Structure formats: structure tokens, C-alpha cells
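K.L.:
Structure incoming, see below.
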């Protein structure tokens, strides 16, 4: 047979391919012919917004009446040849074999002048199309109208038959064809000495089988190397095809003819195949002799005892690791919540919201190593187990993130007593947020249906893609901030002096917030006391409610004018006390106690850390450090070690730990730069992604691309990315009153923090695997479960590929303190400005005031006033009334003033000086000793007299009115606004006026 013609027609009519968008399908056979021959064409559905509507109009009309001017088309694919029909009209050809036959002579994809060769090419192509149909029937054996899940059992049987009997039969035939044409084709072409559409058709079916049955094809590759290696790679490297396959015109496999379901593929466990042996393979063909040998190959699945043992060990490790994660999660929850008094309806969701994301960090490296099933070392699990683990983890996390935890948080925060009212309140508070999500979901569903048609994959893909997009937007913003802020925080805290100065600068703000929280809580508790005095006349159940509130409220201490202050400062109690009013009051009490507990914890930790820093600095002269002398209740583990001598402890805290912190900061800074680089280049140059290079150690190996070392590095990368995002949550100041408090965390805050952990982990995990090479991550179960649905539409694929580049925005904003500049211009910001705005320390809010506040607090503790902490009370109000136990019977302790009056005993000189600095900074009058004849008293008295003389002079009117004509903008008038107010936009996003909380 002669070779295919190398001549191409210089001019071609314009071709339009009419086929479904987004999938290769049967239209890919036509695309390969046109691409291989270099003939221009238009892919209508993929190249225009309304293209698919044209395809549906011409090719998917199911009406009985004929209304058009062209011949009816049964279904796509179809080829429209412009002005090639009768009378200059367009000609439409449908049915894949007819299109290929029509194009073959016009594009030179068939031997010229050899009728026998033309017929033979068509025969081979039709045979390949038969195999194409049989592979399609593996996932839809009972009918195309049914979902795969509805015919899964039949699909398993059909796939087993196709893999064990049909694939070897077809592959044997194509191998014989290659042997028959070896003299002209040399094993590279099926017919003749040049590329024909028989080659492209067979190649497309083989390539689809590699996607649908990767394990099966990997085993069959050893039986049919002539077809699956030599021929497959030669066609793939044809000049025009190579360029096409690397371009975006080549559509990825998804929900078309070739679909990958792991359960339909050959299973890797040897025990599975001992019960389902494959038949003996056909005789192999020897390309050297152009003859067939009768040598029978060995079984394609020989027993692999080493891998079987490794799989068992991996399963044991996986189970033990999950148990360790659960134990660590319980210890973490115990640190912030009281396990015994926390109700199970709160404890279980919070536990799952933390444990499931931690298991994802474990599951991602295992999935990467298990993708090709040939890892020589590392933790490898069967693909079926990995897929089931992903399904359970993802959908439980999805349920917690978007439904259970938001409802549970509002349920705990409702303030009502009975469960029904709590549920109604929770549903009402989440209604607006849910309606917004539903609106976006409907718009997304319309887009998915327009792109992929109406089927279950569109709905599932829309849900998963929208959840991923929302989580990725939040994760990229937070991670970008954390990549800079976390190393910088370690570096700033390395030097003890700088750390002490930072604590002193932070002290005035923290102390002011603590005072405000205490005063607000006192006002609310005074309201409860007043309400108890006027409870008569209200219904019995409301009286019991008031009594419960009063039992958890401490009576006011013996302070002057306390009774008058109750009536003067409290809001007016309504004449008719309703259930809604009591619920609102209960809710405010719970939030107020949480707010006070939060700032008490912050203030106590700040003072403790400042005292420790000062102790380290004071020990510089003696080179001996002993925390127990200044802090009997030392909180650091290192400070309590008995075998560490004071001299060793000083060297550890003054030299070793700072050096380790600086080294850690430098190491994390380099890791941050590598992550930023990998995020930028991942979409267009994944081969130079540093993250990918550190994880994939053997990219071209047949014995495993990722080993145990790569798995450990992958887990470390993913853990650091999650840690940066979670650290940013504590640094960004838009969460209102939510905070984690040791053993006293508010239930709503616990739900919210676990929700954020669950929401961020899945997007960051998928974003991480896409920083590897596509040849690696596209083989993972995670990609096949989630990634294919994200890439189902061009919008989702583009968003996933290019949005992580916006990581540069929060990185630059944090690195160059753009948040502080925005705050200086507009008067507000989302971050606290950590810059030294007042290096001198003089004036209100400076470090000198902070130092004085800390010293006064430490001196107050030393006089026996006790540590700053919450009074012992049943403050949660979340416990069931029958489970209060002895807590409800506890006698409330009278409230004490926040800062007690000092004793009459003389104070040390350094404490007196601290009081003088504090009073001068805060403009408070100092109690002056009349008998003080020191030089300081003389100069102070002289200065006061001069200032009184100047202030007593009458100023002219023009000086008194200076500046009164300038009106401040509204955004500068902070004191004129009602703190309880809130914008309508904020309310629509689920925010509350109280506490400034914002729902994300």
C-alpha cells in the first residue's frame, strides 16, 4: 500500500465542528484529523458564548416536524462545511465515521490513489470506534438516561468484562495491524508510511483508556509495548499533534465517554485479583522478525507480597495516625473548653470541625504517593480506601462548614432557655446569609447547565466549585498575611528588650479594653439586680428565668453610690418584661462575660510575659536566672525544670532561645518566599515550582514519583500554609468579640473558630497539590474527586489556575504596612498597627504608660490582692438547668473594684516612681506629701504655678474660635456614633451591631 499523500489542498472551505463543550468525546476524533492536517476550523461550542445554543439548535432537535433547510442531524458531532452544498448552501455531515471519511481525502489523512488502503484505513478506524463504544458502556451499561450510581453494580461487571476480555482482543488486533504494516510503517503507523485518520482514531481510544483505566493500562503496557508504547508515543509526538496536545484547545477528560471511576479500574491489592484472574494474554508480536511468536506471557498481575505487606503496614499507620489526631484534638479542646461541663451537642461538632481538617493534612501526602500505585517507599493505601476517605472527609467538612456549625453557633448564642426558641432564633439569624448563598448557587447552577447540560454532575460540580471558590478567596487573603506576619513576629520577639517594649506599648490598649469590658459587664449585672427587684407581676416562668440570671450575677461591692449608680447608668427596664427582652439580656450577659474573660486572660498573660522579660534583663549582671523568686507560679515548662541550674537557664533564655527564634524566622521567611514563587508560576510553569520540586523527587521514575521523604515534606508544606492562614485569623481585627480563652471559651466562638479551620483546609489542600506537576496531581484521588468538577467549566478552571497569583496583594500589604497607611488616611483598618508611633513613650498610650500600668498591676498582686481573674460563677448560661450541680448553689462573690486602693504602708522607691510616671502620663492628680522637701517637689510646684498663671489669662475671641469653622468628616467622628449601630450592608452579610462581628 502506498503512503498517505503529503500534499495538502492549499485552500479549504471553512469547517465548523458542532459538538458539546468542555469534553473531548466523539468530537475529538474530528479535531485530531483537522489538527494533524493543519486545516483551520471553528469549534463552535467552545469558541463562542452562544455556540452551544447553535449546536443544540442544529443537532439536538427532538421534535417530529421538519422545519429547517438542511438535512436533519441525529446528534453531535456534526461538521458544517460552509457553502459546500447544493446551490452554494452549507453542507452538514453527521456520524463520526462519515465525517472522518469525508475529511480524509480533503486533508490528506488517507493514502492517495490506493483504494484498498482507503478501505483498510476505514476498517481500522471503525474497529477503534467499536472499542470506544464498549469503554463508554463500562460506566453506563444499562442506559444513558440513568446516573452512574443507579447502575453501579452492572458497571462493575461490565468493566471487569471489558478489561479482562475486550481490551486484550482489540489490542491484539491493533498489534497485528502494526506487524502487518511494519515494512512501511516501522511500528509507527497502522497503514502506509504516513499518518492517517486510522492512527489518530486508535490513538485517541488508547489515550482515553489510559485515563479511564490507569492501573489496567499500566499492566497491559507490558503485554502490548508495540501499541501502548512505540505507536502511542510516536503519534503523540507528531509535530502538529504535539503542539495541539500541549495547547488549551485540547480539552481534558471529565464526564464524557472516558471517565475514571477507581472501582471500575484494576485493583492494586493482590488479594483482589487472586479471586478474579485475568485470562492469558494473546501471543506477542516481534517487530524485529515481523512475525508472531507463540510465547505466552506471564500473568499481568503476579503476586506482590512486598507491596501487600507495605499496604497492611500503611493501613495500620493510617489508623494509628487518625487516633493520634483525635487525641491531640481532644487535648486542644480541653485547653479551651471544660470537657465535663460542655454539652455533647457542642463538643462533637467542634471536635469533628478540628479533627477532619487535621486528617486532610495526613491524607494529602498519602494520596500523592498512592496515585500511581508503585511507590517504592512511603505510606501507600489502596485507591479505593483513599477515595472513600476523601468522600467521607470532604462531605462531613462541607456539612459542618456550611450548615451545622453556623446554626450551632447561633443556637448557643441565642439567649433563650428552651431548645425550640433557640432553633428558631438560629434559623432566623442564618436566613439572610443562606438566601445570599442560595442566590449565588442558582446563578452558578445556570452557568453550569449552560456549559455542561442538565445532569447530576452539573449540580454536584456547582456546589463543590462554589464552596471551593469562596474558601480559596478567604484562604489566599489570610495565608498571604500570615506568610509575612508569622516570620516577622518570631523575629521581633527574639530580642528580649524589644519584646518587653512591645508588651509595654500594648499594655495601655489591653488595659483600656479590660476596663471597658468590666464596666459594661457591671452595667448589665446591675440591670439584672434591678430586674430582680421588680420581677413581681411577671409570669412565673419569667420569674424563674430572672432568678437564674441573678444567681449567676455577683452583687455589687461596697462602693460609694453603688445603688444610685444602678439607677443612673442602667437602661430603662420596660414596663412589661417579655421573653425576647430576657433572651436579649441573657445574650448580652454571655457576650459580656466572654469579653471580660478574654481581656482578663490577655492582660494576665501580658503582665506575666513582661515580668519574665524584665527578670531576664535584670539577670544580665549576675548571669543567673530564677523565675521562682519573682513569679512563684511560673507558667513556662522550661522554667519549671529541676535539673536546669539558674546559670544554664540564663544562657538558655538570653542566648540560645533568641538565636533559635531568629533562625526559625529566617527559615520560615525562606519557606514563605518559596510558597509565593510556587503560587505565581504554578499556572504557566509548574516544572519550576519549588514546592513541587521538593515533594516530587523522582518525576520520571516507574517505581514511585513520591516516597516517604516527599510525603513528609508535603505534610510540612501544607501544615505551614494552614498555620499561616490560622495565625492571620488571630491577627486580623474584623472578628469582633470572638476569641479563644483558656478553659473559658464562649461556645459561639468555639463554633466559629472550628468553622474557619474546616473552611480553609480543603481549598488550601487542593491549592497545594496544584503547585505540583499536572502529571502528578492529576492522578490523585483528590483531583479526580474534586479537581475535575472544579475544572468542569472554563471559569472554574481559570479561577483555580490564576486566582492564587493574587496572593501578592496581602503579602505586599503586610510587608509594607499598607494596612497602617490605610488606617492613617481613612481612620480605620482591619489590623492593629504595630509600628512604633510614639517612640518617646510620653503621653497617653505610650510605652511609658504601659510600663507604669504593668508595674502597678504586679505591685498590686504582690500586696495580696490576688491575680486578675474572673470571679467564680456559673457564667456560661449554656448548661442545662438540671446539670448545674454545685455551681448554681455557689454563693456569688461581691464585685471588687478593678484596681484596689493602695495600702497606707510606704512603698518602695521604684514603685513610687512608677506611680508618679503613671499619674503624669494619664493626667491624674497625685497625692502629694506636704512634708516633701525634695528638689523634684520644688520644681513641680514651680511649674504648676507658672501653668496656672498662663491658663488664667483671658484669650481673645479669635483665639478661642480658632479652628471651630472646620468640621470633621463623619468617618472621623467616632465619639458621636452609637456603638450599637451598624450599617445595613453589614447586617446583610450576617454581622451584628453588638460586638462588631462579621460573618465570613
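Glycine is no exception: its Cβ is also placed from the backbone N, Cα and C atoms.
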K.L.:
Can you check which of 423-450, 451-478, 479-506, 507-534 TrEMBL lists as coiled coil?
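P.N.:
Among 423-450, 451-478, 479-506, 507-534, the range TrEMBL annotates as coiled coil is 507-534.
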K.L.:
TrEMBL lists region 'Disordered' for one of the ranges 272-291, 292-311, 312-331; which is that range?
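P.N.:
Residues 272-291 are the ones TrEMBL records as region 'Disordered'.
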K.L.:
TrEMBL lists transmembrane segment for one of the ranges 371-391, 392-412, 539-559, 560-580; which is that range?
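P.N.:
Among 371-391, 392-412, 539-559, 560-580, the range TrEMBL annotates as transmembrane segment is 392-412.
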K.L.:
According to TrEMBL, which of these ranges is transmembrane segment: 191-212, 213-234, 235-256, 345-366?
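P.N.:
Spelled out, TrEMBL records transmembrane segment over residues 345-366, not the other listed ranges.
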K.L.:
Are there at least 3 C-beta pairs under 8 angstroms linking the transmembrane segment (345-366) and the transmembrane segment (799-819), leaving out pairs fewer than 6 apart in sequence?
P.N.:
no
K.L.:
Count the Cβ pairs between the transmembrane segment (708-729) and the transmembrane segment (462-486) that lie under 8 angstroms and are 6 or more residues apart in sequence, then report whether there are at least 3.
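P.N.:
Yes, since the transmembrane segment (708-729) and the transmembrane segment (462-486) share at least 3 Cβ pairs closer than 8 Å, they count as touching.
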K.L.:
Are there at least 3 C-beta pairs under 8 angstroms linking the transmembrane segment (433-450) and the transmembrane segment (750-769), leaving out pairs fewer than 6 apart in sequence?
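P.N.:
Between the transmembrane segment (750-769) and the transmembrane segment (433-450), contact is absent.
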K.L.:
Using a Cβ cut-off of under 8 Å, list the residues of the same chain at least 6 residues beyond the transmembrane segment (392-412) that approach it.
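P.N.:
Cβ under 8 Å, 6 or more out: 345-346, 349-350, 352-353, 356-357, 359-360, 363, 422-423, 425-427, 429-430, 433, 437, 467, 471, 746-748, 751-752, 754-755, 758-759, 761-762, 785-786, 878, 999.
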K.L.:
Between 345-366, 433-450, 462-486, who has the most Cβ pairs under 8 Å to the transmembrane segment (652-677)?
P.N.:
462-486
K.L.:
Quick check: do the transmembrane segment (433-450) and the transmembrane segment (462-486) share at least 3 Cβ pairs under 8 Å, counting only pairs 6+ apart in sequence?
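P.N.:
When sequence-distant Cβ pairs are counted, the transmembrane segment (462-486) touches the transmembrane segment (433-450), since at least 3 lie under 8 Å.
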K.L.:
Tell me the residue counts in helix, strand and coil for the domain 'GST N-terminal' (14-111), as DSSP assigns them.
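P.N.:
The counts are 39 helix, 16 strand, 43 coil.
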K.L.:
Express the predicted model's confidence over the coiled coil (507-534) as a mean pLDDT, rounded to an integer.
P.N.:
90
